[in-house]
Number of protein chains: 2
Amino acid sequence: WDAAGLNEVFVDIHFSRQLLDCFTSPFLNIEMNGAGNLMDFLDEPFPDVGTYEDFHTIDWLREKSRDTDRHRKITSKSKESIWELIKSLLDAWSGWVVMLLIGLLSGTLAGVIDLAVDWMTDLKEGVCLSAFWYSHEQCCWTSNETTFDDRDKCPQWQKWAELMTGHAEGAGAYVLNYFLYILWALLFSFLAVSLVRVFAPYACGSGIPEIKTILSGFIIRGYLGKWTLLIKTVTLVLAVSSGLSLGKEGPLVHVACCCGNLFCSLFSKYSKNEGKRREVLSAAAAAGVSVAFGAPIGGVLFSLEEVSYYFPLKTLWRSFFAALVAAFTLRSINPFGNSRLVLFYVEYHTPWYMAELVPFILLGVFGGLWGTLFIRANIAWCRRRKTTQLGKYPVLEVIAVTGITAVLAYPNPYTRRSTSELISELFNDCGALESSQLCDYINNPNMSRPVDDIPDRPAGPGVYTALWQLALALIFKIVITIFTFGMKIPSGLFIPSMAVGAIAGRIVGIAVEQMAYHHHDWIIFKNWCRPGADCVTPGLYAMVGAAACLGGVTRMTVSLVVIMFELTGGLEYIVPLMAAAVTSKWVADAFGKEGIYESHIQLNGYPYLDVRDEFTHRTLATDVMRPRRNDPPLAVLTQDSTTVEDVETLIKDTDYNGFPVVVSRESERLIGFVQRRDLTLAIKNARQKQDGVVSSSVVYFTEDAPQLPASNPQPLKLRRILNLSPFTVTDHTPMETVVDIFRKLGLRQCLVTRSGRLLGIITKKDVLRHMAQMMNQDPESIMFN
Amino acid sequence: WDAAGLNEVFVDIHFSRQLLDCFTSPFLNIEMNGAGNLMDFLDEPFPDVGTYEDFHTIDWLREKSRDTDRHRKITSKSKESIWELIKSLLDAWSGWVVMLLIGLLSGTLAGVIDLAVDWMTDLKEGVCLSAFWYSHEQCCWTSNETTFDDRDKCPQWQKWAELMTGHAEGAGAYVLNYFLYILWALLFSFLAVSLVRVFAPYACGSGIPEIKTILSGFIIRGYLGKWTLLIKTVTLVLAVSSGLSLGKEGPLVHVACCCGNLFCSLFSKYSKNEGKRREVLSAAAAAGVSVAFGAPIGGVLFSLEEVSYYFPLKTLWRSFFAALVAAFTLRSINPFGNSRLVLFYVEYHTPWYMAELVPFILLGVFGGLWGTLFIRANIAWCRRRKTTQLGKYPVLEVIAVTGITAVLAYPNPYTRRSTSELISELFNDCGALESSQLCDYINNPNMSRPVDDIPDRPAGPGVYTALWQLALALIFKIVITIFTFGMKIPSGLFIPSMAVGAIAGRIVGIAVEQMAYHHHDWIIFKNWCRPGADCVTPGLYAMVGAAACLGGVTRMTVSLVVIMFELTGGLEYIVPLMAAAVTSKWVADAFGKEGIYESHIQLNGYPYLDVRDEFTHRTLATDVMRPRRNDPPLAVLTQDSTTVEDVETLIKDTDYNGFPVVVSRESERLIGFVQRRDLTLAIKNARQKQDGVVSSSVVYFTEDAPQLPASNPQPLKLRRILNLSPFTVTDHTPMETVVDIFRKLGLRQCLVTRSGRLLGIITKKDVLRHMAQMMNQDPESIMFN
């Protein structure tokens with residue numbers, strides 16, 4: 001074994017290539033080393049080289065470089081034989097195959113989840129006698145004995161009390177139904193939290209904060225694993241069915257990302273490159289939202305705006321493909337039984353009027369306030385959970401919250417049903433055939449208008465009852481959601497937020513409608529609201545309110561409006577939606593720039609460099625770099641005077657991820673950077689396999705080691721693992737530029753020099769800590785990098 | 001005057017701030033200079049400092065830094081008084097105000113253009129007697145004497161021959177109409193080209209290649225000026241009305257960007273910062289597409305995917321706002337008279353079937369081939385125009401092409417009308433009331449199906465005539481468009497490309513429909529096409545074909561599908577559109593990666609660094625940097641041993657845009673970079689205003705100049721204009737990383753070092769030249785940077 005043996009094992013480290021390239025490059029560089037042994041390497045990477053440890057940050061430039069290498073290798077090989085050509089074509093197409101598979105699987109899972117949730121939600125109230133696996137709607141759909149009016153009352157569907165005691169009505173039946181409703185809810189939530197606890201702790205929560213962090217380049221092993229996928233899917237069904245105030249949208253994004261990760265492992269192009277893997281995950285997130293709402297374009301924009309970190313145009317296109325496939329798969333499963341892709345299909349018949357912008361903007365203000373309140377209260381509660389005894393009893397907590405939810409929810413018809421049904425009803429316009437309590441208007445028999453074009457009418461008693469119940473439901477949802485989000489079960493935020501907004505919006509909508517009816521001579525109504533005309537659509541107010549509240553919580557903007565646009569399918573209502581979404585964002589931003597996901601990222605201390613935070617402070621690189629004034633000097637290696645023992649001591653005594661290599665300690669001129677992991681592996685390997693390498697061997701990072709007398713120990717040449725192009729900035733570089741560079745290039749660390757002398761180092765952790773410090777946050781909360 | 005005088009004039013140069021900041025920074029840096037005169041500067045920038053010369057590239061990092069400074073200044077001032085607070089709020093809102101104004105103006109202009117084009121296109125054929133400013137449709141719309149069937153024949157509208165000779169029919173009338181048609185066309189195009197030549201040469205072409213280049217950071221003064229706006233608007237109307245094979249979509253983007261630039265000048269935030277200005281222009285481009293097609297979301301995605309270079313999330317949101325305002329302004333003007341936002345509103349009644357994907361994919365292949373053919377032929381023709389005598393006679397060329405177009409177009413009813421009308425007819429489904437020749441099917445009186453749900457029927461003679469005419473129109477459009485695009489008049493590509501695709505698609509659609517009718521027992525039709533059923537929609541084929549051809553030419557993907565989706569308003573047809581768009585892109589990419597805009601950018605040699613070109617070659621920074629092996633050494637300044645005269649000689653003898661400053665020529669250790677423009681201005685200023693600065697004065701870039709004996713000339717301290725944080729890479733950095741850095745950070749130049757020694761410099765021009773060289777292109781075609 002000689003020094004060339006080392007070459008063989010480190011070929012996958014990207015910079016070794018640089019040495020080889022000068023031979024094939026048209027620009028033969030005379031200054032480059034001309035050693036003859038540069039070409040003798042094997043094409044087999046040493047295990048673990050080029051991978052990352054758990055909870056570490058990836059180096060985007062390095063990943064990109066490695067992928068380019070891989071691509072170059074395949075391209076040059078493809079000219080050799082037909083087989084290699086086919087392999088290269090397969091490789092080029094593998095991205096599309098992965099997208100197709102993600103779309104198919106996440107669409108299927110979403111369909112299965114929808115069906116299961118439907119069934120289990122109804123199971124809390126009763127069972128279908130003809131086939132117990134039918135939900136209420138499916139059960140009565142197949143029944144021939146029901147008329148259209150009573151389409152949700154069919155003999156095959158029996159409530160538990162009716163089934164057990166024979167009495168469908170009366171106080172006894174009500175109490176029994178109530179009791180069983182709570183029991184089922186507790187059972188479902190207990191199962192959910194136990195499964196999460198035992199099998200996949202990562203399956204809890206919405207998953208979006210973690211996915212954002214992972215996409216920004218952090219490694220959390222197992223977060224997108226097979227177990228998480230399985231358990232999250234199952235427990236999501238249980239959690240939603242239990243009637244807790246949570247939705248399935250966020251977790252569906254997590255499920256889709258798990259699918260993406262699963263299919264990545266089929267292709268080495270993605271499984272071995274953390275950068276490429278993240279491109280797939282971005283697309284998977286789009287597919288997740290696509291199936292959650294049936295909004296493929298909204299999904300892509302959500303991934304672009306909210307989740308992704310690195311989103312090249314190629315990913316945009318692939319995301320779109322994955323989102324479409326997923327949406328169409330879901331549509332073929334047709335879980336809602338209406339051939340509609342979207343979750344809440346609505347069609348409004350009347351346009352909106354300029355004056356209505358006032359209530360829409362008020363709803364926006366409400367949404368912004370709700371967003372602020374929710375984020376603050378939820379974060380405070382989650383912090384308490386983290387820091388006090390509370391966090392030690394997650395199962396008990398879930399049981400308690402489920403119990404309270406069920407007890408309070410059952411008596412109110414608007415909270416008893418599933419939240420998405422509630423939203424759907426609130427969004428709906430009151431047609432002629434609507435049997436809902438919300439549509440209990442007093443009909444004027446003198447009016448001779450066609451049945452399906454109903455003008456504004458005075459509200460009947462049903463509407464007033466509904467208003468009270470909705471007001472109670474609003475307060476209940478607001479309070480309980482704060483305690484629900486963040487528990488150790490899968491829980492999404494979209495649906496509860498939308499429910500809060502939809503309730504508020506519908507109340508405002510009915511108020512405006514009645515005002516317009518009773519006071520159509522007022523100046524504001526005069527122009528657009530003649531008596532007997534249909535001028536106010538309360539359902540639209542519900543939709544606007546939902547958008548405002550969702551916007552306040554998540555701070556989504558374009559993607560939110562596009563999702564809403566896809567739900568209604570008309571450009572007509574974009575202006576109201578946008579007015580509300582913008583107002584909500586502005587109001588919420590006035591109280592704090594961070595959305596719920598960023599707040600949770602911060603709470604958990606993930607090293608996430610938000611692209612939206614503008615760094616506007618006047619600090620320089622020299623203020624941030626390590627070592628600080630009273631610190632020991634920077635741990636560096638010299639290019640030709642460090643022994644193996646010195647290096648080993650340095651590795652043992654410090655926990656830095658890498659070490660700069662300088663010409664000499666006196667000149668401090670930087671020549672490269674070496675990763676701790678590579679150094680450890682290289683020395684271990686050399687000590688085992690290379691004769692003559694002992695503790696007193698000198699480590700050379702230069703191109704050629706000098707010819708030493710035979711009595712000296714064999715030198716160890718490590719130029720192969722030296723990164724000769726470390727990223728440097730000068731000490732005078734403003735930190736805003738440094739932050740920009742870290743963000744855009746996805747660096748792990750950056751060296752600081754002045755006049756060519758090495759002064760210090762800035763890591764991503766340092767940048768994050770500095771940014772937190774500048775914003776008066778607790779800098780110690782940032783996770784180890 | 002002393003050295004402090006200089007401070008006053010260079011405060012706007014961003015790095016001067018760095019010196020000041022250490023006093024307010026919480027991290028007081030002891031190593032930083034503590035000179036007392038650092039604070040004595042005026043807040044007034046020296047004219048021209050911080051601006052760029054024409055045809056130069058901007059430095060994105062510097063622009064961003066300047067904006068952060070400005071923002072910081074306003075924020076700190078806003079705490080001083082209410083008035084300053086209001087000013088800061090106004091500043092924060094100015095972005096939205098600009099968006100609103102852009103939306104309003106570009107929507108209005110688009111509406112006016114639409115109305116004017118409508119009128120002038122019809123003017124070629126005849127005139128409205130009741131009001132000459134009515135177009136044919138408007139004229140007959142107000143007429144009460146027409147029945148629904150003959151709604152385009154009303155007595156108020158008279159063709160020229162009828163008006164002049166009294167005879168509406170006959171050979172004489174035909175010839176007279178023909179002649180006048182040609183005459184009007186020649187008049188319009190002559191006016192258009194003359195106006196462009198005389199008043200605004202930049203108003204020609206589609207403008208998108210130039211806008212892409214400008215958005216990537218290039219300066220082309222006057223390209224988005226007021227004159228260009230005015231002349232482009234007027235000549236666009238003339239050019240489209242003249243019947244040439246061109247569209248108004250690309251130029252509308254240019255018009256919208258001119259609006260954006262116009263409103264930028266209202267706010268110093270945008271007018272004085274080239275980086276911020278480009279954010280506004282990106283949004284304006286979205287507004288342009290939004291009004292061109294009535295597709296706001298598609299417009300935003302077009303701007304994101306096709307045009308923009310730097311597109312932060314804030315811009316996404318603002319673009320969306322501008323696009324919406326523009327779309328709604330256009331809708332209030334209602335130029336199409338149908339309250340529809342979209343250019344081609346269609347509604348199809350039947351779904352598509354899996355087997356139809358085969359013809360859709362074939363249309364995709366056709367689109368890709370057309371794209372390749374068009375790009376190659378058009379570029380070859382444009383190159384010929386640039387290099388031969390042809391380019392010297394732009395007016396004659398336009399006249400000739402218009403003449404040929406008019407002569408060939410008039411006899412064929414499908415080319416005589418305006419191209420957008422043609423597309424609209426081709427997209428349309430044959431309803432019961434359709435009077436078009438394309439819908440001349442043989443009715444079977446035995447069928448008792450409802451009138452508005454027409455099953456597939458055998459084609460009548462009208463359809464066969466139409467097929468022949470369409471085939472001729474296809475060939476004509478293909479050939480003439482190649483010669484039209486690139487002439488010295490405003491000309492868009494979208495509409496002609498879509499027309500080619502729509503014609504081909506409709507032909508294929510009718511063929512499939514007739515095949516299905518005559519052979520419905522064939523295995524492929526059996527399952528989905530029973531006799532008498534409505535199974536093939538030829539209009540859908542036209543739409544798919546249009547998408548394929550547009551995709552082949554421009555290589556748009558997501559934005560294309562979204563625009564088409566917004567035209568139809570249904571998710572239903574996304575899969576056919578996507579299948580065609582993907583196929584078209586793949587086929588076209590197989591022949592060459594560049595779309596028409598990139599090809600024109602290259603043809604014109606603009607310094608555009610495409611984000612989509614992946615650089616996969618194995619070269620290093622050392623292969624690209626200047627000086628090359630046989631070049632003279634790099635022109636550098638030393639920090640404390642250059643005299644004013646030396647500097648002046650260096651400026652006179654070289655034409656570099658800046659000079660690195662090193663510690664000494666021996667050590668070659670880099671300390672900073674100074675811009676040529678700043679250096680010239682500083683020396684000029686010092687010689688005029690500062691006593692004792694003579695040719696033999698030593699220029700000091702150090703923190704403190706030494707105390708010299710009184711006999712020595714007064715030193716000139718220039719540290720203020722020195723950029724202390726120049727961007728550096730090592731000579732071993734792979735070029736793919738360097739290209740990435742240039743792209744993502746928007747650099748102008750980058751210095752190359754090894755072990756702290758300055759080796760050379762890489763400019764954006766060097767990068768572009770190297771990339772062109774690597775792709776075997778002509779490196780000399782890149783414009784001076």
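Glycine too: its Cβ is placed from the backbone N, Cα and C atoms.
Annotation source TrEMBL lists transmembrane segment at A:93-117 (among others).
Summarising the annotation, TrEMBL assigns transmembrane segment to A:178-200 (among others).
Positions annotated as transmembrane segment by TrEMBL: A:220-240 (among others).
For the transmembrane segment (A:252-268), the list of distant contacts is 91, 94, 97-98, 101-102, 105-106, 109-110, 113, 206-208, 210-211, 224-226, 228-229, 232-233, 236, 277, 280-281, 283-285, 287-289, 291-292, 307, 326, 490, 492: same-chain residues at least six beyond its ends, Cβ to Cβ under 8 Å. According to TrEMBL, the transmembrane segment annotation covers A:252-268 (among others).
Beyond the ends of the transmembrane segment (A:280-304), by six or more residues, the same chain brings 95, 98-99, 102-103, 106-107, 110-111, 211, 214-215, 224, 248-249, 252-257, 259-261, 263-264, 270, 310-311, 315-316, 318-327, 329-331, 340-343, 494, 556, 558-560, 562-563, 565-567 to within a C-beta distance below 8 angstroms of the stretch. Annotated transmembrane segment per TrEMBL: A:280-304 (among others), in sequence order.
Residues or ranges marked as transmembrane segment by TrEMBL: A:357-381 (among others).
Nonlocal intrachain contacts for the transmembrane segment (A:393-410), taken as residues 6+ away from its ends with a CB within less than 8 angstroms of a stretch CB, comprise 178, 181-182, 185-186, 188-190, 192-194, 197, 242-245, 385, 416, 476, 480, 483-484, 487-489. The transmembrane segment feature in TrEMBL is assigned to A:393-410 (among others).
For A:466-486 (among others), the entry in TrEMBL reads transmembrane segment.
Long-range Cβ contacts of the transmembrane segment (A:493-512) within its own chain (Cβ-Cβ under 8 Å, at least 6 residues beyond either end) map to 206, 245-250, 292, 356, 359, 362-363, 366-367, 370, 374, 414, 419-420, 422-423, 426-427, 438, 459, 463, 467, 470-471, 473-474, 477-478, 481, 484-485, 536-550, 552-554, 596. Residues annotated as transmembrane segment in TrEMBL: A:493-512 (among others).
Here the transmembrane segment (A:540-565) has Cβ contacts under 8 Å with residues 289, 293, 295, 297-299, 301-302, 304-306, 346, 348, 352, 359-360, 363-364, 366-372, 374-375, 423, 426-427, 429, 493-494, 497-506, 508-509, 512, 571, 573-574, 576-578, 580-585, 587-589, 594-597 of the same chain, all six or more residues outside its ends. Under the heading transmembrane segment, TrEMBL lists A:540-565 (among others).
If you look up TrEMBL, you'll see A:625-689 (among others) marked as domain 'CBS'.
As annotated by TrEMBL, domain 'CBS' applies to A:722-780 (among others). Residue counts for the domain 'CBS' (A:722-780) by DSSP state, with H, G and I taken as helix and E and B as strand, are 24 helix, 18 strand, 17 coil.
Taking residue pairs at least 6 apart in sequence, the transmembrane segment (A:357-381) and the transmembrane segment (A:220-240) share fewer than three C-beta contacts under 8 angstroms. Through the fold, the transmembrane segment (A:466-486) approaches residues 205-206, 244-246, 370, 373-374, 377-378, 381-382, 385, 401, 404-405, 408-409, 412-415, 422, 437-438, 440, 493, 496-497, 499-500, 503-504, 506-507, 510, 596, 600 of its own chain, all at least 6 residues removed from its boundaries and within a Cβ separation under 8 Å. Remote same-chain partners of the transmembrane segment (A:178-200), defined as residues 6 or more beyond its termini with a Cβ less than 8 Å from a stretch Cβ, comprise 120, 123-125, 160-161, 225, 227-228, 230-232, 234-235, 238-239, 241-244, 394-395, 398-399, 401-403, 405-407, 410-411, 416, 487-490. On the 0 to 100 pLDDT scale, the model's mean across the domain 'CBS' (A:722-780) is 84. Sorting each residue of the domain 'CBS' (A:625-689) by its DSSP state yields 24 helix, 17 strand, 24 coil.
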